Amino acid sequence: KKDGYPVEGDNCAFVCFGYDNAYCDKLCKDKKADSGYCYWVHILCYCYGLPDKEPTKTNGRCKPGKK
């Protein structure tokens, strides 16, 4: 298992406007993580205990629409 920012296939993390911890916790659990929250500094969902195969944010740029 690993911790990190879950992403779609385009290396774009999930934004949590309004610092919605419940949204991020559900999103993370739907991805089989243990839990999650909205990291306010980046306004992005952060997950704890994601499966190793689940993609997480890398240093590359977000490329919307590229799967």
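Even glycines carry a Cβ here, placed using N, Cα and C.
Some features that Swiss-Prot has for this protein:
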- 2-63: domain 'LCN-type CS-alpha/beta' (DOMAIN)
- C12-C62: disulfide bond (DISULFID)
- C16-C38: disulfide bond (DISULFID)
- C24-C45: disulfide bond (DISULFID)
- C28-C47: disulfide bond (DISULFID)
- P64: proline amide (MOD_RES)
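Overlay of Swiss-Prot annotations on the structure.
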residue	record	DSSP (3 states)
C12	disulfide bond	coil
C24	disulfide bond	helix
C38	disulfide bond	strand
C45	disulfide bond	strand
C62	disulfide bond	coil
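Averaged across the domain 'LCN-type CS-alpha/beta' (2-63), the predicted model reaches a pLDDT of 95.
Listed disulfide-bonded residues near C47 (disulfide bond): C24, C38 (candidates C16, C24, C38; Cα-Cα distance within 10 Å). Counting in whole angstrom, C45 (disulfide bond) lies 5 from C38 (disulfide bond) by their C-alpha atoms. The residue listed as 'proline amide' sits 7 Å from C12 (disulfide bond), counting Cα to Cα. For C24 (disulfide bond), the same-chain residues that are 6 or more apart in sequence and have a Cβ closer than 8 Å to its Cβ are F14, C16, G36, Y37, C38, C45, Y46, C47. Between the CA atoms of C28 (disulfide bond) and C12 (disulfide bond) there is a gap of 15 Å. In this view, the densest Cβ surroundings among the disulfide-bonded residues C12, C38, C45, C62 belong to C45, judged by other Cβ atoms lying within 10 Å.
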